[in-house]
Amino acid sequence: MIKYNPAYLNLNERLSQIWLNKYTILFILAAFKLLFFSTSLRNALDVSKSYILSNCGTIDTMYSKTLNSTPHYIGVFGNYLINKALIQTVKTSLSTVSLLVYASEEILEFMVDFYLGTYECLLVAAIDGTVDTAVNATEKLIGFVNGSVGSIANDLDDGLNDLSKIINKAISAAEKVGSLFSDDDDDDDDDSSSSSKNIASVNLTIKALRNLYIPSSINDKLEKISDSTPTFDEVKNSTKNLIGIPFEKIRKEIKSINTTNIVGDPDVLYVPPINDNSNYQGICSANKNHITSFFYSMDHLLKVATIVCIVLLLIGAVVVLFPEFLEEFKLWKRLTQLREFYWYNKDLYPSSSELETINQEVKDPFNDKKNIIPDQFDVIAGYQTCFNPWHTRIVNFIEKIITYFNRSSFQNESNKRRRQWIVAYVASERALFILGIGMLAFFVSILQLIIITLLKRTFDNNSNMININSIANSSAVHSLKDDVSTWSNQVNLYIKQTEGNLNHQVFGWIEDSTESLNNTVTHMINGIDDTLADIFNGTLLYNPMKTVVSCVIENKLYTIEKSLTWIHNKANVTLPRINGDDINNLLSSSNNSTNATGSNNLATELFEDVIDDSKKIINKVIQTYHKSIIYEMIISLVFIGIWSSQIPIALVIARFKNF
């Protein structure tokens, strides 16, 4: 059984700490948080106002510089675009003239070929065909004669030999008959002997015919004539060269034209100078009163809103004391009833509903010390031990420590109980809640101070490493170059898309038509060639007929096909592109001028002022947060002080309390 232990607080003592309840503390913390937030916000507005007003001159100068230099850079940029546009226009015009010259040359050649080329082609074809036919006939005749005469001569020789033998036999028989007439006169004898001598034998031969042949030099001469006869392509090329002489001269003249000289010197174009109007009242300086009024109205509104909210929170902190008072009163009343019931009914443990039916005297909860019997079990102490175990452990732990270091001072029972009660009062649930909040807030404030100190040290070490010139010459310049390059790339993509749409929608039908016509012409030529081959292939008329058809029809079709191909290849538009590097070089050369150099120096000085002001603002912000952390630390110490104030309060109460 748990013995009586008075190390707990009665109703009056509990009510003395009611203002330390968690709800009131939360309202107070919310009020402090709102106050700190309002203070930080007001400091931020004050920093912004100071920064704007201190940099009014810089803002005015930069605004004036931008306003005064804008016409200059617009003029530089516009003159560049005008110059490039005119150059591309001249180039396009010259290219168009060159195409017209070429088209005129081709049309003239076609007309000459159409009217004179046909007859010229037929004439050349007739000459070539005649020579080729004569060469072929001569070759066949020579081959036939030279191959046939020899065999004919041999056959004739064989026949003549047989005939000679027969004749010789006849002559021999005649001579024998003549010898029978020996009585003729001498004259006759003389004539007969002479005749006999003349036809003594007959030898018939055609040896000369055997050596008969036609020499091949005739064929060589004909081939030489065929080789020396000009073809139609040679005649056509010769005519084309004669016609193209003036046109070629015109094209050379067009190519030799310098487009830059035609456009003229771009330096003649007017570029507005960079003005330095120091008498201009800047946009910031002219509105200082409005800026100050704006920040004042913001600060006033913030101050009024903060006061109203803090008052409401403090009222809420006071209001929550009443339900806490009632709850504490009801709890103590139930506990005292339970304790008295236990005293009158030793081993009885009635339920809460049964307590209401018991007819007993209700004790005064504010003056119940006389009812405590030290040797009996205390129900309130048991309740405290069961329902607040950690609080009981903390109280016992602190009591043991005090007892260990002060054994001689607390030997009697009264002092021991007084000591236990003081520890219980100081280590009550509400008091420990205040102590925990204060210690946690103090620890967080220490961490915040460490962070802000490291930040300030890093800023102080690195703030002097900022090189104004390197920043001005690197980041801004590279940013400008990157922006110009990005702009030129995007514009070129837009131009490319427009060029594609133009070629597809305007000239697309020309490409489709020329392709279709070319296919038709090719089909016609192949059909004509196939028809000629079917009719005349393998005959002497094939080549002459093919030549005639080529002169009359196919050459014209080939010319049309070539013209359609040329139109197909030339039927497109190439729009000029923008070169970002040229623009960057132009802007760089413009920045190197006297006015621009002075303006850049002024910009560098202004940039230095901005950097210095930025450093001051950062230092001010760091100091503001440092001050805010100090305030938070003070608040945490206040909470710890509130808890510490419970010690003298407990000592005073214990001085007049009877243990």
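Each residue, glycine too, has its Cβ placed from N, Cα and C.
The feature topological domain 'Extracellular' is assigned by Swiss-Prot to 1-17, 128-305, 453-632. Annotation source Swiss-Prot lists transmembrane segment at 18-38, 107-127, 306-326, 432-452, 633-653, citing sequence analysis. Sequence annotations record features per position, and here Swiss-Prot assigns topological domain 'Cytoplasmic' to 39-106, 327-431, 654-659 based on similarity to another entry. Per Swiss-Prot, the feature N-linked glycosylation site maps to ASN136, ASN203, ASN237, ASN258, ASN461, ASN473, ASN518, ASN537, ASN572, ASN591, ASN592, ASN595 (among others); the stated evidence is sequence analysis.
Features per Swiss-Prot, on structure.
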residue	record	Cβ contacts under 8 Å, 6 or more apart
ASN258	N-linked glycosylation site	none
ASN461	N-linked glycosylation site	none
ASN518	N-linked glycosylation site	GLU561, LEU564, THR565, HIS568
ASN537	N-linked glycosylation site	none
ASN572	N-linked glycosylation site	ASN503, PHE507
Report summary line: Spatial neighbours of the transmembrane segment (18-38) not adjacent in sequence (6+ beyond its ends, CB under 8 Å) are 302-303, 305-306, 309-310, 313-314, 316-318, 320-321, 324-325, 328, 430-431, 433-434, 437, 628, 631-632, 635, 642
Report summary line: Lying 6 or more residues past either end of the transmembrane segment (306-326) yet within Cβ distance under 8 Å of it, the residues of that chain are 15, 18-19, 21, 23-24, 27-28, 30-31, 34-35, 38
Report summary line: Reading the DSSP string in three states, the entry for ASN461 (N-linked glycosylation site) is helix
Query raised in the report: Taking the topological domain 'Extracellular' (1-17) alone, what is its mean pLDDT?
Result: 58
Report task. Using DSSP with the three-state reduction, classify ASN518 (N-linked glycosylation site) as helix, strand or coil. Result -> helix
